[in-house]
Amino acid sequence: MAATIYYENDADLSHLKGKTVAILGYGSQGHAQAQNLRDSGCNVIIGQRPGSANYDLAVSHGFEPMSIEDATKAADVINILLPDEVQGDIYRDSIEPNLKPGNVLMCSHGFNIHFGQIQPPKGIDTLLVAPKGPGHLVRSEYVKGGGVPCLIALGEGASEATKQIGLAYAKGIGGTRGGVIETSFAEETETDLFGEQVVLCGGVSELVKAGFETLVEAGYQPEMAYFECMHELKLIVDLLYEGGLSYMRYSISNTAEYGDYVSGPRIITPETKAEMKRVLNEIQCGEFARKWISENRAGAPFFKATRRREREHGVEQVGRGLRRMMTWIDEKEV
Ligand SMILES: NC(=O)C1=CN([C@@H]2O[C@H](COP(=O)(O)OP(=O)(O)OC[C@H]3O[C@@H](n4cnc5c(N)ncnc54)[C@H](OP(=O)(O)O)[C@@H]3O)[C@@H](O)[C@H]2O)C=CC1
Ligand SMILES: CC(=O)[C@](C)(O)C(=O)O
Ligand SMILES: [Mg+2]
Ligand SMILES: [Mg+2]
């Protein structure tokens, strides 16, 4: 069955007129969604703890950040844009006690509601509006007049009015410019976790690292390996973004296209796809969620150690120097 997709004319910003939207967490998604909503004429307040760069950023963008508690109290629509791993505790401590009947509780990833870390009380509708892209692109595409496509889902028992608020919200952040697919909390959560682990982040990172290591271990210059396996990837992905596999293959040489066909299936093999299915199963049965929640309860030792180790990978070390020479790239050293 074809997806139900909403566009600009299917959404009406007036459903947010007179309502206060609280963005809890001025991070990657929060800073983007808050500014886009405000530019779309919505009344936006920010819940952001003080003493951090994100707090200062919100102030520099003309917001007056307040506590999570106060923002929740003052709002009609509350979007929890905190890291997934802390949402459950903060919801129980600071958000739930300050919700009022008729509030709409939102999120941009269904993880905590789908896996039961957040269980809203009766009288509170839940709503998911999930951008299918990084927060910084949600802002930059909006400013350019474009928009990052979104997903929309209603929690159990949520009303048609809440759906209209969700479509207005999606329009306010630029989502209806690219299309807003109607889905469920389960489908958004499971496909987002799968996509980021197997393709977008986990899969791509391991592919780049393995390609880089293979060339360097064979004696090629690391700088060449960086250009070939990391830098040029954006150029190829841009072609995919504009015209799919066909346009990318149209644009590259016939030699590269032939190599694509004969060597690609040797890298991503039937065993790779079998492993993808095992990863999906671990997401669906909640095993991944349980591991992520317990990792954080233990202070995230594996996560922090891996982040440190990965930052020192050869592709990162050589890349920093090469990107510094490309002054047109607004380099992000984190
Ligand atoms: N990143 C992305 O592109 C996407 C994210 N999402 C979803 O959006 C939601 C937000 O993710 P994202 O924007 O990446 O989050 P970020 O990590 O970028 O930002 C989190 C914000 O929460 C604040 N915060 C972190 N820990 C605490 C805490 N213990 N108490 C109070 N405030 C805290 C941070 O403030 P401080 O600066 O003080 O640490 C920061 O402002 C998640 O559900 C995520 O899955 C969905 C689609 C894409
Ligand atoms: C950017 C995005 O869509 C991700 C990868 O799902 C995320 O940041 O969680
Ligand atoms: Mg995602
Ligand atoms: Mg995600």
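A Cβ is built for glycine as well, from the same backbone N, Cα and C atoms used for every other residue.
What TrEMBL annotates here:
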type	residues	note
ACT_SITE	His109	active site
BINDING	Tyr26, Gly27, Ser28, Gln29, Arg49, Ser52, Gly135	NADP(+) binding site
BINDING	Ser253	substrate binding site
DOMAIN	184-329	domain 'KARI C-terminal knotted'
Inter-residue C-alpha distance, Ser28 (NADP(+) binding site) and His109 (active site) (nearest angstrom): 13
Length of the line joining the Cα atoms of Tyr26 (NADP(+) binding site) and His109 (active site), in Å: 15
His109 (active site) and Gly135 (NADP(+) binding site), distance between Cα atoms, whole Å: 12
His109 (active site) and Ser253 (substrate binding site), distance between Cα atoms, whole Å: 39
In three-state DSSP terms, the structure that Ser253 (substrate binding site) belongs to: coil
Count of other CB atoms lying within 10 Å of the CB belonging to Gln29 (NADP(+) binding site): 25
Local Cβ density at Ser28 (NADP(+) binding site) - other Cβ atoms counted within 10 Å: 18
Distance [Cα-Cα, Å, rounded] between the residue listed as 'active site' and Gln29 (NADP(+) binding site): 11
All-chain count of other Cβ atoms within 10 Å of Arg49 (NADP(+) binding site): 15
Recorded NADP(+) site residues Tyr26, Gly27, Ser28, Gln29, Arg49, Ser52, Gly135, farthest C-alpha pair in Å: 19
Mapped DSSP class for Gln29 (NADP(+) binding site), helix or strand or coil: helix
His109 (active site) in three-state DSSP notation: coil
Candidate with the highest Cβ count within 10 Å, taken from the binding-site residues Ser52, Ser253: Ser52
